[in-house]
Amino acid sequence: MTVRVRIAPSPTGNLHIGTARTAVFNWLFARHHGGTFILRIEDTDLERSRPEYTENIMTGLRWLGLNWDEGPFFQSQRLDLYQKAVKQLLDQGLAYRCYTTSEELEALREAQKAKGEAPRYDNRHRHLTPEQEAEFKAQGRSFVIRFKIDDEREIVWNDLVRGKMSWRGSDLGGDMVIARASENDTGQPLYNFVVVIDDIDMQISHVIRGEDHIANTAKQILLYEAFGAKIPEFAHTPLILNMEGRKLSKRDGVTSISDFQQMGFTSEGLVNYMTLLGWSPPDSTQEIFTLEAAAKEFTFERVNKAGAKFDWAKLDWLNSQYIHNTPVDQLTDLLIPYWEAAGYSFAGGRDRPWLEQLVGLLSASLTRLTDAVDMSKLFFSETVELSEEGSKQLQQEGSKAVLEAIIAALEAQTQLTENAAQDIIKQVVKAQNVKKGLVMRSLRVALTGDVHGPDLIQSWLLLNQIGLDKPRLSQAIAASL
């Protein structure tokens, strides 16, 4: 079998983590089988669909490394195909125009609710005569088009994740609306209908989507049969849940891929984490995967049925692993946009080699790329604010004399090196007859404003290169008076 799968997002919002995870599973399955991964934009909701959302979806997929083989195809450009399919069902007597008003539908639901029955359409307009249709039209009623569903029919399929699935026609809520009212006789085709037409036309072999589509699958199988088409294989993947076991939503914070990017997650770290959201690798100890490596191992036998809990701590850990293993030059490229967004200036000697030295200093401490903004602030600011602990340190006996001695020693240096910096510290310890700890703490506070921070010598070298070490030492001396 030639594997052909699709990801079919609706451009009514930014690329969602759930849609992206579905895209990951489709991509992995396609690559595992040497198949085709198709992008289809389901923009039949003309009122809510926006081109900026389409762009966000496509940009997000590319950023994650989920490049598609065919598409993008836009449903809004395929309406003729859908309307012909609606007409075919009408001509074959498999669908009909329903003129039931919204008020009548509401009254029906209330009556069913009063009896303790599940809401469903009672198919009252399934057998209208031409005269009855004409009368409804004369009354100014609009219509929807419904596909006939046999209440006695049992719909069975073997789900690649969940095994045997079985639904009765009577569980599907009555005859299915496949097109809403419009100016033409075939109406405006709806989502549940057009996806089937597209999947038939694009020869989709496997439909891989979230478990919240299971009820749709039962209805859509009947549509495949109505058109005499081959029914694809179905795989319904687990939903993404929050740590309390509820479906992940905006109330849980970030849910769109572009938001994750802004928060400082790498594409590799995020897509690695999404791969493990519901799928277990054969080697349970292996957690770090490239997409290509995961594709070699990916099967639906190892996709879980239970919901996948979104664990921020696990995502942070995975992300940090990718950051720590990214070469300095590449990591610098990743960090520059975050520094620019923070308004940091690269003037005053902060050239590319200097930036790469800064990245080398900070990289091991980064969990997210955004961490570099706060950690590097002291290197992009002309002055630093003293922390409470830093102020106390400068009031320690001997701190002022130590800092004055360091400035004096710097006057003899044309270019500070690591060895020269170490020698200055040794000289000051000996000349001032103080412990090395006092010198190191005083110097750190003078340069960084705090008693804690990145490697002191490397920080000093970076600040020296852009001429900020002496001014900060002088500032600290003034603060120690």
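We count from 1, first residue shown onward.
Glycine too: its Cβ is placed from the backbone N, Cα and C atoms.
Among the ranges 112-116, 247-251, 397-401, the one that Swiss-Prot lists as motif ''KMSKS' region' is 247-251. In Swiss-Prot, the feature motif ''HIGH' region' is placed on 9-19, out of the ranges 9-19, 42-52, 119-129, 383-393. The motif ''KMSKS' region' (247-251) scores a mean pLDDT of 77 in the predicted structure. Residues 41-43, 45, 48-51, 53-54, 56-57, 60-61, 191, 210, 239-240, 248, 254-260, 274, 310 of the same chain sit 6 or more residues outside the motif ''HIGH' region' (9-19) yet have a Cβ under 8 Å from a Cβ within it.
Sorting the motif ''HIGH' region' (9-19) by DSSP state (H, G, I as helix; E, B as strand; all else coil) yields 3 helix, 1 strand, 7 coil.
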